[in-house]
Structures are given as C-alpha cells and as structure tokens.
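These notes are about the structure you will find just below.
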Amino acid sequence: MPASLTTKFLNQTYENPLMNASGVHCMTTKELDELAASRAGAFITKSSTTLERAGNPEPRYVSVPLGSINSMGLPNQGIDYYLEYVLERQRTHPNEPAIFFSVAGMSIDENINMLRKIQDSEFHGITELNLSCPNVPGKPQVAYDFDLTKEILDKVFQFFKKPLGIKLPPYFDFAHFDIMAGILNQYPLAYVNSINSVGNGLYIDVDKESVVVKPKNGFGGIGGEYVKPTALANVRAFYTRLNPSIKIVGTGGIRTGKDVFEHLLCGASMVQIGTELVKEGVPIFERLERELKEVMDKKGYTTIEEFRGKLNSL
C-alpha cells in the first residue's frame, strides 16, 4: 500500500504537511496564488504589519553554500492587503482547507489591534502571531522575554477566539524550554512554530573582506542546513513539554524528504520551508512530497501518524 501524506491539523485535512515559511514566496497575491496552485499542502501569508513596510535596505538576503543569511526587516503590503486576499480566496475556494495568516506587529498594541481586526473579520483560517523576528533594528525578539510573552498572550486570549499559533525563536537551554512551555501550556494555543531563523549570525565574503548583507552591519538571521539540528531540537523539546492539544509546526533546514521525515519524527504535525523554497521555487513541494513518500515506503510506513513523534532514545 503506497504511503499517504494526508495530514489532519486542528479540524482541517491537508493533502500533505508541507507549507512555505512566512516571509518566503508570499509577499504578493501572485506569489500566494502560485503557492495555492503548487503541491504545498497549505500556505501562509507574509507576516503583516498595520501599514505597508519597505523593510531594510538591500542587499538583505543572500544565499550561501549551506543556507542563507537575511535581514529583511519585515517588508510587507500591510494587513488589509493580505486580509482582502484570504477573504476573497475563502469565497472563491470554499472547499479548500484553511489558510494560515501571519501577523508581526512592532508593538504589543499593534499586534492586539491586528488580531482584533482578524477576530472581527470573516476569516475562518488559522492565524500565526510572529513573536520572533530577529531583523528589525532596535526591536528585540519578544519571545526571549518570558514576562512580555505572557503579558501579550494574556491580552490576546481575552478576546481572540479563532485558532492561533505563535512563531518562536530558537532556544538553546533546557531551562528556557521548560519556562516557555510552562507559559504556553496556560493558553488555548493551536500550535507552536519552531523555529524562526537563528538571529544575528555573520557571513563573510573573504574576497571583499566584508559582510554580505547591509543592515545591522552584516548581522542577520541564519537559515538552511546550518540550523536544522537546532530546529529539530526545538521541535522535540516543545513536543515533549507542551500539552498534546498544542501542535508543532517544524521549520528550519528542510531541503529533502529525509529532512521532512526527521521533523515529523521529532513531533511536528506540519513543516514549513524557507531557504530552499527561495532557491528552488514552488516546484520544491512536488519534490519533497515524492521524496517523503520514498522514505516512508522504504521504511514500510503507510501514514505519517505511524511514526510522528516516535523518535527513539538510546
């Protein structure tokens, strides 16, 4: 019996667990339409702010041998642009599974106001609150401040009743996994997305003896193969600490079907692709779908649930 990638996530059924990562190939309606027409099981919009943002000066994204470095600074078309798109798509494609919608305000108040707009709208998809952008100068990553994270979630869940996930930065200490999981378990979160890019890396052009991205004197978020072990560790750490009702979306270092399998084995329910999607474009989803099926067939698995989260210890 051939492997099935059918994925149940919340109350939705997707053909496979593959998605784009917010920020990649989702800036415009054209790119979003291309995602919708691809073999991705689901897709997510660009992280939006209240108003349109140009982001950081270029060059701000560079592909490097094992991944990427970026300091985009949240360029986007503004929340109304993306909300109009998803509402129209709901109307014209009523039988499609839920769309993911990402927001990343510059302040608590901005996030609250955007989430109120989503709550008051007819959007019936899944919202992702990005608490982990490392590339806005002068703006720390919210999710490294545990008290502030709790303050935001307290305010959000006073009024937000639709499915909500949060995107987290990578953590590197067991105490931090424990603290953050303890906070998140207090709320009716739909999911946690781990990880955003590893913040403030530095990549050097030896020939020019210079950095390769302009913002922040060359410091930027690292993605791709460099971050896969960190991403897998975060997926596993939260999978084993969070309430079973809080699902995991695994992001970081996915280049092959084997990488997808590893994220699922660590406990992810869905996975998002960023760096490699930039390099290959939307045909990557067809390749990853095929390669994941090949891995599963070789191992004798017919469904993802047969192995998801069942990582063996020594």
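Yeah, the Cβs are placed from backbone N, Cα and C, and that goes for glycine too.
Listed features, source Swiss-Prot:
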- Ser132: active site, nucleophile (ACT_SITE)
- Cys133: active site, nucleophile (ACT_SITE)
- Lys46, Ser47, Asn130, Lys167, Ile195, Gly224, Gly252, Gly253, Gly274, Thr275: FMN binding site (BINDING)
- Lys46, Asn70, Ser71, Met72, Gly73, Leu74, Asn130, Asn196, Ser197: substrate binding site (BINDING)
Practice item. Round to the nearest Å and give the CA-to-CA distance linking Cys133 (active site, nucleophile) with Gly252 (FMN binding site). Key: 14
Exercise for review: Filter the recorded positions Ser71, Gly73, Ser132 down to those whose C-alpha lies within 10 angstroms of the C-alpha of Ile195 (FMN binding site); answer none if the list is empty.
Suggested key: Ser132
Check your understanding: Say you check the Cα of Gly252 (FMN binding site) against those of the recorded positions Ser71, Gly73, Ser132, Ser197; which is nearest?
Key -> Ser197
Review point. In whole Å, how far is Lys46 (FMN binding site) from Ser71 (substrate binding site) when you measure between their Cα atoms?
Key: 15
Exercise for review: Output the one of Asn130, Ser197 that, of all these binding-site residues, has the highest number of other Cβ atoms within 10 Å of its Cβ.
Suggested key: Ser197
**Study point:** Shortest C-alpha distance to Ser132 (active site, nucleophile) - which of the binding-site residues Lys46, Gly73, Ser197, Gly274
**Key:** Ser197
Review point. What residue among the binding-site residues Gly73, Gly252, Gly274 has the most other CB atoms lying within 10 A of its CB?
Key: Gly252
**Study point:** Cα separation, Ser197 (substrate binding site) to Lys46 (FMN binding site) (Å, whole number)
**Key:** 15
